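Quick look at what TrEMBL annotates:
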type	residues	note
ACT_SITE	209	active site, proton donor
ACT_SITE	348	active site, proton acceptor
BINDING	108, 109, 209, 210, 211, 282	beta-D-galactose binding site
SIGNAL	1-18	signal peptide
Ligand code: FUC
């Protein structure tokens with residue numbers, strides 16, 4: 001019955017909602033006109049994908065970014081579960097440019113921005129203390145990608161975004177051609193497929209940096225979300241959040257999410273040094289995998305108030321969980337929602353931070369003739385009420 005109602009609502013929406021406004025199920029589409037512009041001589045726009053149930057994602061090719069993601073809640077109404085802005089101008093002005101984009105070439109940190117590959121040292125740009133974060137100040141999040149609306153081989157609606165990161169950009173060697181394809185499955189999965197090639201040896205580790213709030217509004221903190229991370233280990237860091245190279249067990253620590261825990265339950269235990277360093281959760285978990293490189297369930301977040309559950313499947317070895325402790329309420333986003341303290345969680349599927357400087361971490365090296373791939377799914381379910 002519920003599925004039938006969603007179908008009705010989705011059909012009505014496709015027929016009637018070309019712009020703003022509630023389509024009957026709560027989905028309010030952003031107007032493409034307020035995203036239409038030109039940046040660096042390239043066209044920027046807003047792209048909308050919708051499945052038969054009405055799940056809707058809106059994306060912009062500025063930063064290959066998720067702008068809005070409407071998923072059903074247990075009450076049958078849809079919620080937008082990502083924090084972001086309602087115009088391209090706001091994204092250009094924002095103080096937190098990591099809301100929604102693909103970050104890279106290398107997601108998360110590289111110590112002192114330095115690594116050596118085939119005996120050749122590269123010095124990357126520095127933008128986080130003395131370190132390199134999320135590809136540097138001119139990372140993928142502020143680049144205009146070429147967007148193409150398409151369908152997956154399974155027939156699902158998709159947008160493919162491509163970008164050439166030139167040799168030397170932010171200090172990285174080699175021209176890197178990367179394509180990120182977003183698609184929606186009929187069973188409410190947002191799929192993100194990455195593919196990259198290079199013309200010279202380089203490193204690559206892109207990830208999706210979306211702030212999720214399963215309340216559908218930042219009026220409520222994400223501290224109430226119940227989080228599960230299928231990982232027995234994590235990569236401890238120094239005070240600058242650069243991995244020491246160890247992989248330590250989570251057992252007996254506030255980082256043990258192998259069974260569900262409310263995010264707020266142990267986040268304040270700053271007598272545990274890793275939580276002091278991160279000022280809360282800002283760590284990389286080493287995912288438990290039946291076999292390296294296989295797609296497996298990495299994490300689940302559940303909000304009891306809305307009944308929305310998000311499951312993350314990935315073939316990546318790591319998951320960075322950042323709990324939004326840098327948010328200060330100053331930025332005002334969609335529907336007047338503020339970027340409030342701990343009101344959005346980033347769950348970033350990736351290789352381990354600083355991997356190029358630790359031989360015991362999975363390799364992030366890409367060579368000419370090879371293709372980097374990543375397959376990650378953010379799948380949404382609701383409790384039946
Ligand atoms: C995460 C964190 C960082 C940073 C950023 C916005 O990936 O690891 O500490 O604050 O995102």
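Cβ coordinates come from backbone N, Cα and C, glycine included.
Here the features listed in TrEMBL are painted onto the structure.
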residue : record                        : DSSP class
108     : beta-D-galactose binding site : coil
209     : active site, proton donor     : coil
282     : beta-D-galactose binding site : strand
348     : active site, proton acceptor  : strand
Entries of 109, 210, 211 (binding-site residues) sitting next to ligand 1, with Cβ under 6 Å as the cut-off: none
Cβ neighbour count within 10 Å of residue 209 (active site, proton donor): 28
Lowest local Cβ density (other Cβ within 10 Å) among recorded positions: 282, 348: 282
Which same-chain residues, if any, lie at least 6 apart from residue 109 (beta-D-galactose binding site) yet have Cβ under 8 Å of it: 128, 131, 132, 133, 240, 241, 242, 353, 354
For residue 108 (beta-D-galactose binding site), the number of other Cβ atoms found within 10 Å of its own Cβ: 29
List of residues, in chain order, with Cβ under 8 A from that of residue 210 (beta-D-galactose binding site) and at least 6 apart: 66, 69, 82, 99, 100, 346
Chain-internal residues, separated by at least six, CB under 8 A from residue 211 (beta-D-galactose binding site): 82, 83, 84, 99, 100, 324, 343, 344, 345, 346
Spatial separation of the residue listed as 'active site, proton acceptor' from residue 108 (beta-D-galactose binding site) - C-alpha basis, Å: 9
Pairwise Cα distance for residue 282 (beta-D-galactose binding site)/the residue listed as 'active site, proton acceptor' [Å, integer]: 11
Pairwise Cα distance maximum in Å, beta-D-galactose-binding residues per record: 108, 109, 209, 210, 211, 282: 18
Between residue 209 (active site, proton donor) and residue 348 (active site, proton acceptor), the C-alpha gap once rounded to whole angstrom: 6
